[in-house]
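> There's a structure below that I have some questions on.
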């Protein structure tokens, strides 16, 4: 640590009542802006200078500001070993070897942080979580560069690396300071295109007169205004967090006075705890994104509608998308979006054999990876498991209820659709208020205590809804929906028939690894296990997936009947 560097931070932390490390991390985000402005102005024809600047500032943030010498060793070790694995390990297991190394090493940091048990202290875990995404994706990008392009999808073709980058470029990618501590994560190809400025090439056929304005001879478009807007929004969220957190924090939820209020007050306070906690993430991620925009790497191209620069390449959070979400997919899909991208492209789709659709294996691998990546606190797993059942109920409920609030062709809302929207928004927000509380409290004891103080309302609601989906009531609603939405096809002569686009909820593997339909994925699990057993036993006769599922269901029914009978006898006694 540099001498006397702590003095101004100690003064500010004493003034605001925040921890020293919290003030430092906010200061590092603020410092990223003038430093990113310098980075942007370095000569485009000297990429080595940009790399050296990135590495120098990254080192300053890690050891000059936070004195994380062990953290620096962690970053360097992860980077060097991943680079060697990608460069010298051949064969199809190369990306998985890199993945296992990175996740295994990160687990050590998670365990250390768990033992430290001080959320106010900044260690290297956050930066390492971002690095795991970047470096595991790097291994896959190198692997894709060794494959036939006919075997890759469009995203993989765009991200692939046909040759290993030189060590200086790779080090600049690792230590890219605007996204070092909190992300956003991005693939190496983005850094490479930013470094050599090909990111700013105009699409073929674009009128050069419509090119975004730049200063002097730089190719990076002007990005000061969108960057400052992100900075302003991030600061507002952080100020709101600092102002409201004394009133809405875990100590209030877990305190004895909490139980003296009625249930509606408790649920409201629990919701505000989650909302205020999210403010911190909104602020940090938006400030980090703003610094990336200012450096130029947030450039996504020209907006096809407005013709103006689109700076959303590294958007990691959409607060309005979370706070006004009317279903679980929208809620999760607008949160930590770059992690969603990583899980989908480098876990969910990678564990799926070629020529097959992603199934139970892909969903479970994504779920386990997401939970493991977050850490080992029980609260994470409580939240993920409950969220998966909420996904199941939400998708089935949407299919059974939403058609009654739309016209029969499904294209226009009825006058009552607004009430459906309000209801689904309220249910979604309250369900995730309950579900994400363990993500804040972390420990099993505190999470169960908080849940019990609101009478486990989300678990009871999910349980009742799940039971309903097993009753004839579901079939009754399905019949009504089918009768309502079945409209005779009458295509206009000479015009193609219009088909409804798939709902966004049909996308899988893209919402933090939370399974979408546990029931469906259980069926897929049975089918995959059955198929695997038959492969290993050759032509041995055995039940197929449907028969095996029926056998399991019949066995469960018999066991339940036995339990009911035992209960009746116990009552008689």
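Glycine is no exception: its Cβ is also placed from the backbone N, Cα and C atoms.
Just lifted these from TrEMBL, have a look:
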{"type": "TRANSMEM", "residues": "52-81", "note": "transmembrane segment"}
{"type": "TRANSMEM", "residues": "93-112", "note": "transmembrane segment"}
{"type": "TRANSMEM", "residues": "124-143", "note": "transmembrane segment"}
{"type": "TRANSMEM", "residues": "170-189", "note": "transmembrane segment"}
{"type": "TRANSMEM", "residues": "227-248", "note": "transmembrane segment"}
{"type": "TRANSMEM", "residues": "281-299", "note": "transmembrane segment"}
{"type": "TRANSMEM", "residues": "422-442", "note": "transmembrane segment"}
{"type": "TRANSMEM", "residues": "454-477", "note": "transmembrane segment"}
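Map these features onto the structure and tell me what's around them.
Through the fold, the transmembrane segment (52-81) approaches residues 1-2, 5, 21, 24, 27-28, 35, 38-39, 42, 101-102, 105, 109, 122-124, 127-128, 131-132, 135, 168, 170-172, 174-177, 180-181 of its own chain, all at least 6 residues removed from its boundaries and within a Cβ separation under 8 Å.
Sequence-distant neighbours of the transmembrane segment (93-112) (same chain, 6+ residues past either end, Cβ-Cβ under 8 Å): 74, 77-78, 81-82, 85-86, 123-125, 128-129, 131-132, 135-136, 138-140, 142-143, 350, 369, 372-373, 375-376.
Residues 25, 28-29, 32, 35-36, 50-52, 54-55, 57-59, 61-62, 75, 79, 83, 122, 126-127, 130-131, 133-135, 137-138, 141, 158-161, 195, 284-285, 288-289, 291-292, 294-295, 297, 313-316, 338-339, 342 of the same chain sit 6 or more residues outside the transmembrane segment (170-189) yet have a Cβ under 8 Å from a Cβ within it.
Long-range Cβ contacts of the transmembrane segment (227-248) within its own chain (Cβ-Cβ under 8 Å, at least 6 residues beyond either end) map to 16, 18, 26, 29, 33, 36, 269, 272-273, 275-276, 279-280, 282-287, 289-291, 293-294, 311, 319.
Only residues 6 or more beyond the boundaries of the transmembrane segment (281-299), in the same chain, are considered here, and those with a CB under 8 A from a CB of the stretch are 25, 29-30, 32-33, 36-37, 39-40, 176, 178-179, 181-184, 186, 190-191, 194, 199-200, 220-221, 223-224, 226-231, 233-238, 241, 309-317, 319.
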> Same chain, outside the transmembrane segment (124-143) by at least 6, Cβ under 8 Å from its Cβ: which residues?
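Same-chain residues near the transmembrane segment (124-143) but 6 or more away: 62, 68, 70-72, 74-75, 78-79, 82, 85-87, 92, 94-95, 97-99, 102-103, 105-106, 109-110, 112-113, 159-161, 164, 173-174, 179-189, 338-339, 342, 345-346, 350, 373, 375.
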